[in-house]
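These features come from Swiss-Prot:
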- D161: active site, charge relay system (ACT_SITE)
- H192: active site, charge relay system (ACT_SITE)
- S346: active site, charge relay system (ACT_SITE)
- 36-118: domain 'Inhibitor I9' (DOMAIN)
- 129-400: domain 'Peptidase S8' (DOMAIN)
- N58: N-linked glycosylation site (CARBOHYD)
- N222: N-linked glycosylation site (CARBOHYD)
- N252: N-linked glycosylation site (CARBOHYD)
- N396: N-linked glycosylation site (CARBOHYD)
- 1-20: signal peptide (SIGNAL)
Amino acid sequence: MGFITKAIPLALAAASVINGAEIMETRAGVQTLADKYIVVMNDGMTDKDFDSHRSWVNRTHRRRLIRRGAKAMGGMKHTYRFPTGLKGYSGHFDEQMINEISKRADVKYIERDARVQINAIEQQDNVPSWGLARVGSKEPGGTTYYYDGTAGEGSTAYVIDTGTDIQHEEFEGRATWGANFVDDMDMDCNGHGTHVSGTIGGKTFGVAKKSNVVAVKVLDCNGSGSNSGVIMGMEWATKDAQQKGADKAVANMSLGGAFSQASNDAAAAIAQGGVFLAVAAGNDNVDAADSSPASEPSICTVAASTEQDGKADFSNFGQVVDVYAPGDSITSAKPGGGSQVLSGTSMATPHVAGLGAYLIGLGKGGGPGLCDTIKQMAIDVIQNPGASTTSKLINNGSGM
């Protein structure tokens, strides 16, 4: 499998309706987290009503523990308040408590929390990369990256991943630590996030060589995390970007899994907040319509191409794919210094996030509309892109 974060196979089947609230059902074989759920509130809920609902949940949960001798559950853990209005929470509840929550008229739906993890398909040190040259040229086989000297200056890229080695020489002091929603180690002990960050803003490997990089850690040293933790990272990035200027921000999510309405809604909230979001299509060689957050239409979904301008054999495809970008045997930074070669739609996606940052530096505007700009600039070269899939490969418009 490709080096993309993947929920082992988490797929949305039917949605059952219990007294007004949907409890999303998952197919057999899903690796859900025992007794852990994500609850999403109705659209337009006020902060006051949300606080009232949360108080009711906490009171009811405590009473259950005391009166009924219910087995110990952690109750509510994370609360989500996206600036665009999406509200919800996640926590550890037994079935009876979830049934009580589902009866509430202010609940939109409930989804089982699930595990996410990353899988590498190849790794080789110190091999020349080709992706940058391809982004800056209209013909394959080049060895030079042509780009404007602004190089994304003034833009900020939020890398929602395993963290970033912010001390790596590639970042020249432009990388900072943002937030951690998975463990107590503010470092990239996996390597995936540093590689992604290097492709966006590294001085050698980056598409936008002067952009700032912010590490948002949602996956641990084993590349494992949860949908609920990823959503926390998405919320934090949205709020931080809005405080600093969303029109100067891009976000990268080289992760995903099978369909999750909660993940899609959170991705849509990032876009609604004015931040350009690039997401990996997935590495299962299937239609990305069943993947999340890749299937969210308001974001920029990226498939992976080869050096010969073909579809990478692992890459997902389909109508939800917006563009192709180099994703096979890509060289970028690794924690502790130096570089490594990785493949996957995880590697394609930061080329697009980096191009978004690059265009911001050129004064082309920001926000989710950048995806349309990138598609307009793309070149029609991908061979055998897959059923109902674009054949457009990204290009930075340098004219070479």
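The backbone N, Cα and C atoms fix where each Cβ goes, and this holds for glycine too.
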Rounded distance in angstrom between the Cα atoms of N252 (N-linked glycosylation site) and H192 (active site, charge relay system): 12
Lowest local Cβ density (other Cβ within 10 Å) among recorded positions: N58, N252, S346: N58
N222, N396 as glycosylation sites, winner by CB count within 10 A: N396
Across the domain 'Inhibitor I9' (36-118), average pLDDT on the 0 to 100 scale: 91
When distances run from the Cα of D161 (active site, charge relay system) to each of the recorded positions N58, H192, N222, S346, N396, the nearest one: H192
Neighbouring C-beta atoms (10 Å sphere around the C-beta of D161 (active site, charge relay system)): 31
When distances run from the Cα of N396 (N-linked glycosylation site) to each of the recorded positions N58, H192, N222, S346, the nearest one: S346
Using Cα positions only, nearest of the recorded positions to S346 (active site, charge relay system) (N58, H192, N222): H192
Distance from H192 (active site, charge relay system) back to N222 (N-linked glycosylation site), taken between C-alpha atoms, in Å: 10
DSSP-derived structure type at H192 (active site, charge relay system), helix or strand or else coil: helix
Secondary-structure category, per DSSP, in which D161 (active site, charge relay system) falls: strand
Rounded distance in angstrom between the Cα atoms of N58 (N-linked glycosylation site) and H192 (active site, charge relay system): 37
